[in-house]
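Asker: Please find one structure pasted underneath; my questions will follow.
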């Protein structure tokens, strides 16, 4: 098995809430808590969960747009979480991000060509001809006409803007692209086009993708592995096919059961799930899911379940479904759980299910 492109170990992010004159005993928002995983070159890891579970915060931590409270983010063996700003600059080329909102993530004062070439010009001096060739090549690569290079974002549709965002991310030839809800603001037909584009680009260039989404139908098509987050923690990390065929964690079961099934002849899994996601400021003791879990036992209320490996290659944090009788697992070993032996991208998406 090849070395991982990205390795995340015990990544944590707390936001202190300032209160009172002396700011003593300041409560914190536990946005991301002890997250570990690995991503290989050419792999797509999907991160799913309800709103507020920490998905977008995780994406910003991986990009070092915000600093972690603790933990490590290793890109090709280098911990970028500990780098100074001047040292981090060189690593920006290896990781790029496609943001959720295609309307506010593009500079309205720049043309499409300028938006694409701006990241490269931060590192290299380009002639006018080189800028034109780069913009034309990347616009074609994302399925847009070269004539669009002279247009402004306000003259484009949402799908065209998202394609432009992808072209900008590809300009620096990164090894990893993080897509944070990159298709959620688009209509269904445009979603399929963007997803097909990402998968085609991955097959052509071998880039790794971290795809953040709440749409399980999209995840089932584009992902190789899936990390399910709940209240800042990963509760299940699994190969895609195993996760959708037989989810193990009760929360994963509930998510899949809640997804609409267009086939009336297909039986739906009924999983009772009551209540709302607890506050990350005052999370429940033990397993954060226990107030909503139909399987909760006394141990769930007292101890935080570790993410432990299962015989089928997945990892689950559940005292009932995956009792942790084994010794403590190091963050480094935990990050490598459920790694696929080979990466085989999924097929072309014709339409959303």
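Yeah, the Cβs are placed from backbone N, Cα and C, and that goes for glycine too.
Annotation comment: Swiss-Prot describes 6-256 as domain 'ABC transporter', evidence class sequence analysis. Here Swiss-Prot flags 49, 50, 51, 52, 53, 54, 55, 56 as ATP binding site.
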Asker: Once the DSSP letters are reduced so that anything not helix or strand counts as coil, what is residue 55 (ATP binding site)?
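Answerer: Helix, per DSSP.
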Asker: Using the Cβ center of 49, 50, 51, 52, 53, 54, 55, 56 as the ATP site position, which other residues in that chain lie within 8 Å, going by their Cβ?
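Answerer: My list of surrounding residues reads 214, 229.
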Asker: Given the binding-site residues 52, 54, which one has the fewest other C-beta atoms within 10 angstroms of its C-beta?
Answerer: 52
Asker: Just to confirm: which same-chain residues, 6+ apart in sequence, have a Cβ under 8 Å from the Cβ of residue 50 (ATP binding site)?
Answerer: 214, 230, 255, 277
Asker: According to DSSP, which kind of secondary structure is residue 49 (ATP binding site) found in, if we only use helix, strand and coil?
Answerer: coil
Asker: Once near-sequence residues are set aside, which residues in the chain of residue 56 (ATP binding site), 6 or more away, have Cβ atoms under 8 Å from its Cβ?
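Answerer: Counting only residues 6 or more apart in sequence, the Cβ neighbours of residue 56 (ATP binding site) under 8 Å are 100, 180, 181, 212.
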Asker: Across the domain 'ABC transporter' (6-256), what does the mean pLDDT come to, as a whole number?
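Answerer: Average per-residue pLDDT within the domain 'ABC transporter' (6-256): 90.
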